[in-house]
Amino acid sequence: MRLLRIGVDYYPEHWNKKEWKTDVLLMKDSGVNVVRMAEFAWSRLEPEEGTYDFQWLDEAISLFERHGIDVVLGIPTMTPPQWLSQHYPDSLPDLPDQHLSHPGVRGHRCYNSPSMRILTAAITKQMAQRYGSRKSVIGWQTDNEFSLHMCRCSNCLSGFRNWLKEKYGDLKTLNQEWGTVVWSGGFSDWEQIALYPTNERYFNPSLLLDYRRFQSQSVTSYQQIQIDEIRSHSRDQWITHNTWSAPLPLDLHELYDELDFASFDYYPATDPDKAKSNPYSGALLLDRTRGFKQQNFWVMEQFGGMPGSWMPVWRSPYPGFLRAFAWQSVSRGADGVVFFRWRSAAAGAEQYWHGLIDHSNVPGRRFKEFQQFAREANRLSDQIFGSEMQHKVAILYDFDSHTALQLQPQTEGYDYYEYIKLIHRSLLKSGVGVDILHRLDNLPEEYRLLILPSLFVADEESASHIEAFVRKGGTVVALPRSGVKQMNNQCWMKPLPGPLSSIFGVSVKEYDPIGSHVHRIASLDGHSYECSYWCDLLEADTAETVASYDCDFYKGTPAVTRNKLGQGEAFYVGTFPEESYLKALFTRLCNNLDIEVYPDLPEGIHMTRRIKDGTEYVFVLNLSREEQAVSLKQRMKPLLVDDDITKKSIDSLTLSPYGVAVLEL
Amino acid sequence: MRLLRIGVDYYPEHWNKKEWKTDVLLMKDSGVNVVRMAEFAWSRLEPEEGTYDFQWLDEAISLFERHGIDVVLGIPTMTPPQWLSQHYPDSLPDLPDQHLSHPGVRGHRCYNSPSMRILTAAITKQMAQRYGSRKSVIGWQTDNEFSLHMCRCSNCLSGFRNWLKEKYGDLKTLNQEWGTVVWSGGFSDWEQIALYPTNERYFNPSLLLDYRRFQSQSVTSYQQIQIDEIRSHSRDQWITHNTWSAPLPLDLHELYDELDFASFDYYPATDPDKAKSNPYSGALLLDRTRGFKQQNFWVMEQFGGMPGSWMPVWRSPYPGFLRAFAWQSVSRGADGVVFFRWRSAAAGAEQYWHGLIDHSNVPGRRFKEFQQFAREANRLSDQIFGSEMQHKVAILYDFDSHTALQLQPQTEGYDYYEYIKLIHRSLLKSGVGVDILHRLDNLPEEYRLLILPSLFVADEESASHIEAFVRKGGTVVALPRSGVKQMNNQCWMKPLPGPLSSIFGVSVKEYDPIGSHVHRIASLDGHSYECSYWCDLLEADTAETVASYDCDFYKGTPAVTRNKLGQGEAFYVGTFPEESYLKALFTRLCNNLDIEVYPDLPEGIHMTRRIKDGTEYVFVLNLSREEQAVSLKQRMKPLLVDDDITKKSIDSLTLSPYGVAVLEL
Amino acid sequence: MRLLRIGVDYYPEHWNKKEWKTDVLLMKDSGVNVVRMAEFAWSRLEPEEGTYDFQWLDEAISLFERHGIDVVLGIPTMTPPQWLSQHYPDSLPDLPDQHLSHPGVRGHRCYNSPSMRILTAAITKQMAQRYGSRKSVIGWQTDNEFSLHMCRCSNCLSGFRNWLKEKYGDLKTLNQEWGTVVWSGGFSDWEQIALYPTNERYFNPSLLLDYRRFQSQSVTSYQQIQIDEIRSHSRDQWITHNTWSAPLPLDLHELYDELDFASFDYYPATDPDKAKSNPYSGALLLDRTRGFKQQNFWVMEQFGGMPGSWMPVWRSPYPGFLRAFAWQSVSRGADGVVFFRWRSAAAGAEQYWHGLIDHSNVPGRRFKEFQQFAREANRLSDQIFGSEMQHKVAILYDFDSHTALQLQPQTEGYDYYEYIKLIHRSLLKSGVGVDILHRLDNLPEEYRLLILPSLFVADEESASHIEAFVRKGGTVVALPRSGVKQMNNQCWMKPLPGPLSSIFGVSVKEYDPIGSHVHRIASLDGHSYECSYWCDLLEADTAETVASYDCDFYKGTPAVTRNKLGQGEAFYVGTFPEESYLKALFTRLCNNLDIEVYPDLPEGIHMTRRIKDGTEYVFVLNLSREEQAVSLKQRMKPLLVDDDITKKSIDSLTLSPYGVAVLEL
């Protein structure tokens, strides 16, 4: 069935069978065509070690089948049962965030625990054997919301030592790569390599970066157990994993390598104080998800009600909010939108993470919006399904750089990811579509503009990819703290931006980490802009100055430079300018590069395109609390405007708060 | 001796015997008729295990006896000696607040430790045998300032498991009651039930509530050891316990069940920044203490000097402050007022918790105020002693609801107890006397108005008590987050306010947890008020609307409703309004219910009545730094006005800052 | 060689030998005449236990020798190698600040560990034997930046118990001195004395003060191992230690007793927000360092680049900053200025603690300023070297009082050391030179004015020294919280200021700990000033009132008094006045005492004198970002003004931002 998938996350194990029947009828009636189940149900599927009980799940799947609803099954390994934690204490991680080191929550499992790996293979095998050829089971979700664990258990420690032996061969090489001579930190025995539950900033940053790489790969290799078991027993079923916006970076590019497509759990903030930034940061998360495999994706948990539980309950969503943000997922490449969750849990720690239906079991306003979205999406499914996004602008998100910058914050207030948000937002506000890349090798031909936000860790190979891109006519923009570190997290002993200097034709004479102080830069045309966090004082070599500092003792010193190289141009932005500077810069570059811009998009209007066989489906969403008017430049055929279906072609439209338009071009 | 008791807390073990003599003479001269002793003196009474030394205490008691001063003895179990902690390590609790897990402080004892229980029985028996028939020893204090301990030691853990076996019988029932199916958390072995030193918000809330109930009952059962020993050996002596304003709720209703009366340790804040709220929150603490047994009480530690030690030293009290707050205790039902402490400690961690006399040993301004109070109280003792308070308004403080709301905060900024303060204050500012209830069964006939602040945990039985109260003509007012939880801390699967809905004739369609945002409601007469934290969007069934929301997308939706039921009325207030709204509402209700109000009481004026044989003793206190004039409505006979004794009857009076009036009606 | 020493901290072990050669040539060319080395190089000097490798250090020393650069060697015991921590786990401390309890950082060593002491003696002996008579090795640095460790390991615990046995003899005496009777805390077995990793404020303050004294002495006795080894093998080499501005006080007076002179690591804040207070607090640190032995000192780590690493990188220094602060060190008594560090580390946790040269290895602006300073200092070396400072004003910094006040903060916002800064600054702003004393015995004759900031811990002996000073004609000024505690940290049972009362002819009737509230005092001439933290309400005995409170219920009560005693005067300041009050008071006192003042010095101008054979070398530094004009009162001969060398004598001068003048009188 080639269609947009509209679904819900459902927990049959929480409700009695009478409720199942009422629920499935209401789902069917509402337009649901898929449910995700079982991802937290290990204790019900394997109540004792080796004793399995699939009857209830069989019944549930059959019930959905009878009503024409397909199923996605989650491997329930995020919630090891009490018996598992009790009998295999090595399955519990040893984490700084202690609540995950104990059973009864979720996530209480060490990825490197041998017992955990064996029992994971066993439950996955049982599920895959049983449902691998079941037609209504269309796909699988590995585990749930993997996150990087800074586990210090003995299995992780010995795993890390082995990983290092593999990587470095001998201690002499390791000592050299890590620069352990400093502070007499050299290792003379592998057993000396250890991890301590304490302030990491005093420890060797090369060790710390490698440890995070190791732990990220531990997640990937743990997931591979599940993938292998599923693939051995399944036919025509896809496998995905649902990530979330975690505080610690995980190398998600690696994580998705062996999966069919990416999925994301999307909870846009309902707080009106966040109403301005929220749809843009949400757009970035969706774009990032699409970027993991450069293809369409699913939202496996779409906002269905107010989160709450370990934090206070969120604000109630504004009318239209729930539907509009579901459309936002589709508008940025989602082919499946599965709402979390059908009904709020009456028990357990997650009681206040609200579902589409409240504890009262009386469907209310949010449920009606969900039904509206489902109806609309089903109606447009034939047209939209199969369409894809095509962009000429890309931002590089680099796992190593993000991680290394988290390990060693450079200046007060600066956050690698937060500034990517600002870059991304400055492009979206001009209607420019952006892809998020994770690697510099194999840069697709289509890209014309590549943005490098603090490519902190970079080597000669990174430099050669970037240089090739520019020489062939691309434009690259780099931000400060690029080219600072070698892959081993030692500093480059060259003028900054280190191995990238020749591309940008510039070198950093000195720098001023201004932190929370606000400075100013002036562009050549006399405009003045604020900048923050960091000021590189530049010395142009082959480059020319585009903007200079406008304050402090280095007033007049170059702040932004442009270097022509081959067919292309390389901009070095030596500070972190405010959004309006980036918007002006990127608009100018897009104009030069024949990339369409909408420089006057009102605040909160998100415009995207999905393309199929030459037809463009244009999504115009008003993700704000105010009515907004949008000029389209071209006439388009409305497929959906607000909640009307209109027929005549239009070249402008007015959207009510949280209004949605889908147009055909 | 039937009289008001005026006393001091005295530590003979800290001073040499020459000082005892000077001290007792000054006490006698100042009007002291009782001292509390020995509650921290375990190491002096039992220097080695089983070796007792009562000689010094005998001498001290005899000395007081000779000067006609009676004695209250404290059981010194809050301060286990070093030898006890050393020889019986299981006596030390395993607490998140680590300083209590070590000897040398106070409170370092686990209520469930078998050793601690045996040694507690032993020292109590020794004391009770020796002083149980001593005439000048008029009563006993169990331990000192019990607090709920979140102890995770092995004795607490096995105690908890046994408590659960008793309560639920088998694991199947327990799993069902706790809803452990969520996140595969089901228990298959009692040994799996455990407690972790970590962020509780991720753990099962049903388990957590039961654990607090268990620990609260552990305190009560530990205290019972002391009560049993004292009762076996004493004649005509009462037993009490002195509670304080602890952060973690303890089920004090249970704690006082077997005691003769309640006591409280009262330290009103001296900081002028708190001078406005402080006398009202103090009044609530005193009313709560009276409410534990619905009878008069003692203040066992009355403010005698600036607290300090683990926190910076408090501000010096304003002239009149010390005396006025001692009168406040009497004015709200205290029959004994014992000041903490005679003289500041020269050694130990509590050096800066000042006594009536400073380290200098030169009696100063505070001491003179103490003497004045003692003189006045002794003079009025015949009239006041035996009088009691009689109120028609009650607020329900519910241990389960308070605890469950602490476990799962619902919205930013809302605090169950803080909002009770606001309710209570809004009544006091109209001169309305209030009782604080702890149970809904056996509601006394006298009450006309009952206020339910977030009766979060409620069952059908709670509903039936409330309904009966209303049907018989009572008025009830409920606040949001009532009827949310079953007794097992699972959510009710009914429209809110759950089992209470039919009483209020209303249901909650949806809610908006506004947290720190401020919203507005409009009453029918057009007045507008601020409200905070939470907005229930109401759908009136049999109820009528009294006020509506005045902002956001639900403007116009009912916010406050009134439902007539039998002879009475039930108000549902769907949000947390500011004080002025409550004051207006309660004033109107009191007027309807023939409850006298003084709507124009100046800020800081506290008016209460104690009644004996038809005579009313009216207390008018000016607990502010400004002179205030008060109209009395009726002519009364002044027994004390400021520091004068006047004879002629008056119908109004002017009180100087911290002035005190006692009148007869 | 009798000359000012200009140097750098250099780490040959971090760089290859080719770099050594380039580095030494550039050093020589820049005016460097000394380098400090080896203080973190234990693992290179002793790669395995008992196997030593001095070849690389020999080579490095020889290389410097060949270029006429002398060497200071650091004993590398702050950085025990991995093998040491692995084989001797008792060498690791058990600290609340956990990162120091693990190898791989620096400072991970317990001063009381027997293994650590043995291995310390061994490496020190090896180094001293090898280099003790090497001519170019002019001196030694013990360890690096000692700090007080609140270690709770078993060696520290048994060490503490032995220290107590030595001090008190028996437990009865200890119990009495510590007042353990409070809360039944008496010890009946030495084994009961313990230390807990928890909130200390609830524990016995007498124990806690003794524990800090013990740990401070542990540092001193640990250092003595190094001193003894060096002295046994060295000829004509001095020994010093480099301290820093640590949060926990260490008894540095004791620490320096056996050393030849004091050293300090000086990092003035570059943040412009701190530009006003920073040069004054830096001046205090330098004055304090001079005070440890009342003689000239070295700066062993002078600011050479922006600190950073475990905190964000500091702001870049303003032009002139680096040079001016190097001159500040000389201007307050430094005879050696060694910059930290030659070049930034490319590896390890300290990567962003910048050196004179950045990672780029391209000397920049900071390096040029360093060269300028070196050139200037070398030129003036003959004149300045051998000169000393001579002051008539002293502030007493008391280790016991500082420690005891940290253990028991008295009032919100007050910090003992911060208020010393304010006192010191109020004097510097009038051009008054100040010494910082650490003991009251042997008060030098020269002092005329002695200031006692909260002499919290004081006994009759302290009183007698102060009284003698006053009777002989000195003026003393005491601040509140003086004379509160006996040496055993129990309160004096006398009217405050306890044993000092008769000197000041005053007693404290009561006090008001106003914390962050601001109060006012009025001086006799009608001026009004703010005061903070604490108000002693004074009762003058033989004293007369100098200022009174101007608010609250004690308006009009004496706040500052003067008592004539013998030939001198004793001022009791009962509150903590703002800087302008102190400036006015001290200016008046200096005028009376014939101490020269410059009451109109502009903000940021620092004026000091070094005297040799009757010639005065006057330093005038503009440590601000603004140009400033200074009147000199007398004609002086300029040796250096800004960066010019002028010849004619002047009586005023104008200094550019961060300008430096050295004058001869």
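Backbone N, Cα and C define each Cβ position, glycine as well.
TrEMBL lists B:ARG106, B:TRP310 as substrate-binding residues, and of the candidates B:ASN144, B:ASN155, B:ASN278, B:ASN361 the one it assigns to that same site is B:ASN144. Cross-referencing B:CYS110, B:CYS491 with the Zn(2+) binding residues that TrEMBL gives (B:CYS151, B:CYS153, B:CYS156) picks out B:CYS110. With B:GLU301 (active site, nucleophile) as the anchor, the candidate binding-site residues are B:ARG106, B:CYS110, B:ASN144, B:CYS153, and the one with the nearest CA is B:ASN144.
For chain C, the nearby binding-site residues by a Cβ gap under 8 A, listed in sequence order, are B:ARG106, B:TRP310, drawn from B:ARG106, B:CYS151, B:TRP310. Note: the Zn(2+) site is recorded as B:CYS110, B:CYS151, B:CYS153, B:CYS156; in the same chain, B:PRO93, B:ASP94, B:LEU95, B:TYR111, B:ASN112, B:SER113, B:HIS149, B:ARG152, B:SER154, B:ASN155, B:LEU157 also have Cβ atoms within 8 Å of that site's Cβ centroid. DSSP assigns B:CYS156 (Zn(2+) binding site) to a helix in the three-state reduction. Most Cβ neighbours within 10 Å among the active-site residues B:GLU145, B:GLU301: this distinction goes to B:GLU301.
Helix, strand and coil content of the domain 'Beta-galactosidase C-terminal' (B:604-664), in residues and according to DSSP, is 0 helix, 42 strand, 19 coil. The binding-site residues recorded for this entry are B:CYS110, B:CYS151, B:CYS153, B:CYS156, and the Cα of B:CYS110 lies nearest to that of B:ASN144 (substrate binding site).
In this structure the C-alpha atoms belonging to B:CYS153 (Zn(2+) binding site) and B:ARG106 (substrate binding site) are separated by 18 Å. According to DSSP, B:GLU301 (active site, nucleophile) sits within a strand segment. The binding-site residues shown are B:ARG106, B:CYS110, B:CYS151, B:TRP310; of these, the one with its CA atom nearest the CA of B:GLU145 (active site, proton donor) is B:ARG106. The maximal spread of the substrate binding site, taken as the longest Cα to Cα distance among B:ARG106, B:ASN144, B:TRP310, is 18 Å.
Between the CA atoms of B:ARG106 (substrate binding site) and B:CYS151 (Zn(2+) binding site) there is a gap of 15 Å. Confidence in the domain 'Beta-galactosidase trimerisation' (B:392-595), given as mean pLDDT, stands at 97. When Cβ atoms from all protein chains are considered, those within 10 Å of B:TRP310 (substrate binding site) total 18, not counting its own. The 10 Å shell around the Cβ of B:CYS156 (Zn(2+) binding site) contains 23 further Cβ atoms across the protein chains shown.
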